[in-house]
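Visitor: Take a look at this one; I'll ask things after.
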């Protein structure tokens, strides 16, 4: 059998994500009762309903909620598929993060509105940062952080990976994310890595990857969907992703181009472990919000 030539990456092309105009736009996941979730997210978390739509032709409805406008703030998009009465979050997805200036009050509000408190507020081990863990009405977990006011109160999405070093390299190259820090926690038998578009994890939205010692497989379920990130050129961005997947794994699952019905240009891909990201054209995204 002939030797397979190693993948040679074009350094000039790989510089594009670092020079692109990128930020986390929204994170998408599914809920059982959309109106119930809207009520909980607005009353318990303090988010604002930014828009809602029903698409009978495709048998789903959705709502976008956040702590600020979509034009500048990381938000959530909740999806409900007609007739679906339960979703499986799986073992691979971890949690979302919310920063607040008064974690004790937020926890009490969440408790009063029917949320589950899985860890009461307290200082995180080895730090002075006060954290808590709660669950929404669908069982999604949220880590709460007490911080000074931040431009990104929705501050984190975390999921598990089997090969942390490969995942870090993939997200650095494919998305231009900055590897902020890696923390090994032998007492917890895990290692976490934080990546984002910036350097201060207290002021930006981050992607947190976690590796649990000796775990070689996770389930993804059908509840969590994807992260959406902005780009000035979906075609060039897809070219970068295609090159990186040849080296590290993963695949393009939607070729770059206009999305049917909206003409918003997007491309979508899965990382080497199957986690999905959608890249959305900046100008098309803002135009869609105006419409």
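Including glycine, each Cβ sits where the backbone N, Cα and C put it.
Features from TrEMBL:
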- 143: active site, proton donor/acceptor (ACT_SITE)
- 77, 95, 143: Zn(2+) binding site (BINDING)
- 23-147: domain 'VOC' (DOMAIN)
- 153-282: domain 'VOC' (DOMAIN)
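Set these features in their place in the structure for me.
Guide: Sequence-distant neighbours of residue 143 (active site, proton donor/acceptor) (same chain, 6+ apart, CB under 8 A from its CB) are 95, 96, 97, 98, 131, 132, 133, 156, 158.
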Visitor: Would you count the other CB atoms within 10 A of the CB of residue 77 (Zn(2+) binding site), including those on all shown protein chains?
Guide: 20
